[in-house]
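Single-structure report; data block below.
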Amino acid sequence: MTAVKTPIQVRYEVRNLELAAEGRQRIEWAAREMPVLKQLRQRFSQERPLAGIRISACCHVTTETANLAVALKAAGADALLIASNPLSTQDDVAASLVVDHGIPVFALKGEDTATYLRHVRVALDHRPQIIIDDGSDVVATMIKDRPDLIAGVIGTTEETTTGIVRLKAMLAAGVLTFPAMAVNDAETKHFFDNRYGTGQSTLDGIIRATNILLAGKTIVVAGYGWCGKGVALRARGMGANVVVTEINPVRAIEAAMDGLQVMPMAEAACLGDLFITVTGNKHVIRREHFAMMKDGAIVCNSGHFDIEIDLVALGELSSERRMVRPFTEEYTLEGGKSVIVLGEGRLINLAAAEGHPASVMDMSFANQALAVEYLIKNQGKLSPGIYNIPEELDRQIAALKLAAMGIAIDTLTPDQLHYISSWDEGTE
């Protein structure tokens, strides 16, 4: 990937442009682990399928996202990037995108809520034809505050489980009037990004924030979807005793048959040394649970928004708050017991660490890139609704990834193809 050093002619709001050189090196390092996206970028640069298309992307501003942004620009898009989380921005990456690639970026690590919302408005002022969203904040804000822009939107792509839940609610309410691609539901996304990416990066963030030993700890994982499965798998591999809380009986059975303890949060609250929420819902850990926790219990979140842990209630129960390490805040409750909160209750893997490894984001962002291309190719043909990534694109990404990994697999023989398409062969 070649950086284009030209006079800066784009709008931006980043921490420090002098960080660009460091960001450039890290973006190029991540690119080594993203061979699928590299191949798409090469094709895009020749075919220019997104020429002139205005894209507003609301994503975590990381080295992996930078490679997606560069691929979109190579495809001819007029892309603008804002952060999807106040704590997830990597300031050097933001600087490099502006300086080296001429991409407008509005993202500051640690930005307050007012700044974040202002950046969402900047994304809408771009008058996007395509919205790449991570939690559906841009889409939701447009529907509520800028309905004048809706007619110009070709479609949106959504990266997260949380965002797809919001899109489904919008569709049910009759306010989603354009097509949305459920990138999260692609097999090459959630099987790998959600499970292996979240599992590894969540524990990475916890360890960076606390430097605790996980072996022998009782870790309570709230939620056993793909993200929860990944967190539980890696925690168990580090020697922790894992307890799962769930509301879905099928997932609870899965956890039990995976050899994990399953119980309500009301029972787990007094057992856990470390609590990790990965549900996508609000107040999974709340007032009554804090009251039951051990002294020094650690709580953190790896779901999308900072609402899974009821920090307002914890603040009301506390007589004192103090930062004891970066991203590590101690709440002292009335009576002297303490509860430790990591990363302000935001995504701990991005607040205290670097997010998912580039290798899994390679497939996730290949899905994003192909989803955008699919929306453009099918402009005017898709009714309002939520669409899965076409199976042929999902399989194409998987095949490219396997080839990059040097792995070959079998193909069906003519006899096998005939058998699975017939009904008259059975017991011989």
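Don't overthink the numbers, they just go from 1 along the chain as shown.
The backbone N, Cα and C atoms fix where each Cβ goes, glycine too.
Listed in Swiss-Prot:
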BINDING   T62, D134, E159, K189, D193  substrate binding site
BINDING   160-162, N194, 223-228, E246, N281, 302-304, N349  NAD(+) binding site
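A distance of 6 Å separates the Cα atom of D134 (substrate binding site) from that of T160 (NAD(+) binding site). Counted over all residue pairs in T62, D134, E159, K189, D193, the record's binders of substrate, the longest Cα to Cα distance measures 17 angstrom. Recorded residues G225 (NAD(+) binding site) and D193 (substrate binding site) have their alpha carbons 12 Å apart, per Cα-Cα distance. Of all the binding-site residues in the list G223, C227, E246, the shortest Cα-Cα distance to E159 (substrate binding site) is found for C227. The distance from the Cα of S302 (NAD(+) binding site) to the Cα of K189 (substrate binding site) comes to 17 Å.
Residue environment of C227 (NAD(+) binding site) contains 28 other Cβ atoms, counted within 10 Å of its Cβ in all protein chains.
G223 (NAD(+) binding site) sits 16 Å from D193 (substrate binding site), counting Cα to Cα. Each of the binding-site residues T62, T160, T162, S302 was scored by other CB atoms within 10 A of its CB, and the lowest score goes to T162. Cα separation, T62 (substrate binding site) to C227 (NAD(+) binding site), rounded: 19 Å. In this view, H304 (NAD(+) binding site) is surrounded by 26 other Cβ atoms within 10 Å of its Cβ, with every protein chain counted. Across the structure, T162 (NAD(+) binding site) and K189 (substrate binding site) are spaced 14 Å apart at their Cα atoms. In terms of Cα spacing, the binding-site residues C227, E246, H304 that come within 10 Å of D193 (substrate binding site) are C227.
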